[in-house]
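A short worksheet on the structure shown next.
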Amino acid sequence: MDSTSPAVEIKIVRHQGMGRTPGSLRLQITPPGMGSIMVFTALLFFAGLLLLYYGAEYLVSGSSSLALSYGVRPLVVGMTVVAFATSMPELMVSLLAAIGGSSDIAGGNIIGSNIANIGLILGTAALIAPLAVDSSMLKREIPYLIGASLLLLFFSMDGVLGFGNGVVLFLLLLVFLGYCLFNARRDPLGGPAAADVVAREKRGRKKDLFLILLGIVGLGVGAELMVRSAVTIARTFGISELVIGLTIVAMGTSLPELAASMMSAWKGEMDLSIGNVIGSNIFNILFVLGVCPMIRPLAVDPSMLRFELPVMLVFTVALVPMILHRSTLGRGKGGLLVGGYGLFIAALVFR
């Protein structure tokens, strides 16, 4: 069947009977050709993108309002609620890949996603609007992320992430969450109008929770549709699983972070935009790569140790001097991050 055949051809065919046996009508279904499969896959891809977009909008809106209703600063919510929700696609994809024995997709997804979060997403958010960075982030969250990245590099040196490694990473996640909650209590939302804002937002808590739930569902389903369709397209052209994990899958599972951070930047929620990216990267390492090895050990490709893991560390450490200078990620720095991510993708494609 050629590539121009319809997706599914359905015909009612009359079959002639034998002798006096009457004929009959039968339904004949012709399966789709390759061209139609690719068209259908592309439609699923774009459907996933739409779900991601609207899911992120609902999630950002609901979580921002919920944070205000409890007097919690948006930065803390971005690093916990939003970061956890937008990391769910990474967890689902990596978990399914690990169970199915595709360690390259499972690990490549997380490493590629963390690089995309800083290079593509934080860079794009800075291009939309300069991001003023809370100075406390340089003292707390970014050093924690650098430490988690170094620990992951150390654990990966023996070529496998095992059960014990996963337990250590997951315990460090619990420490991080406890630390965030402690800081939220010690440094609540303040200001002369804070009491009025909190009182007003309390009335809409049920709506906020519904929006958050709706956003999480949209993000999860949208990411699943988009990633599955992207992997189908990539494998049709014979691309390796590691490259798929580092590029298409990583960018696909990072789209919730991209959408959430862009929405936050457009709405002026700079703390939520930055906190989402830093928090998501911490969740990806400590949560996703903590849970997956506890279920099934993950083999680490030697090329990942030589290139992708060091690149992830470079992108993470590069945030320190960028933020130290005027405590702002401006459009120039955003352009550097996006350009660096473009070079990383080019190196993967042409190596």
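Cβ coordinates are placed from backbone N, Cα and C, and glycine is handled just like the others.
Record features (TrEMBL):
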type	residues	note
DOMAIN	42-181	domain 'Sodium/calcium exchanger membrane region'
DOMAIN	209-349	domain 'Sodium/calcium exchanger membrane region'
TRANSMEM	34-54	transmembrane segment
TRANSMEM	75-99	transmembrane segment
TRANSMEM	105-129	transmembrane segment
TRANSMEM	163-182	transmembrane segment
TRANSMEM	209-227	transmembrane segment
TRANSMEM	233-253	transmembrane segment
TRANSMEM	274-298	transmembrane segment
TRANSMEM	304-322	transmembrane segment
TRANSMEM	334-350	transmembrane segment
Task: Stretch-level contact, the transmembrane segment (163-182) and the transmembrane segment (334-350), CB cutoff 8 A, at least 3 pairs - done: no
Task: Long-range environment of the transmembrane segment (105-129) - Cβ separation under 8 angstroms, sequence gap at least 6 - done: 90, 93-95, 97-98, 149, 161, 231, 241-247, 249-251, 253-254, 257-258, 261-262, 264-266, 268, 270, 273-274, 277, 280-281, 284-285, 288-289, 292, 298-301, 304, 308-309, 311-312, 315-316, 318-319, 329-331, 333-338, 340-341, 344
TODO: Determine how many residues of the domain 'Sodium/calcium exchanger membrane region' (209-349) DSSP places in helix, in strand and in coil.
DONE: 122 helix, 4 strand, 15 coil
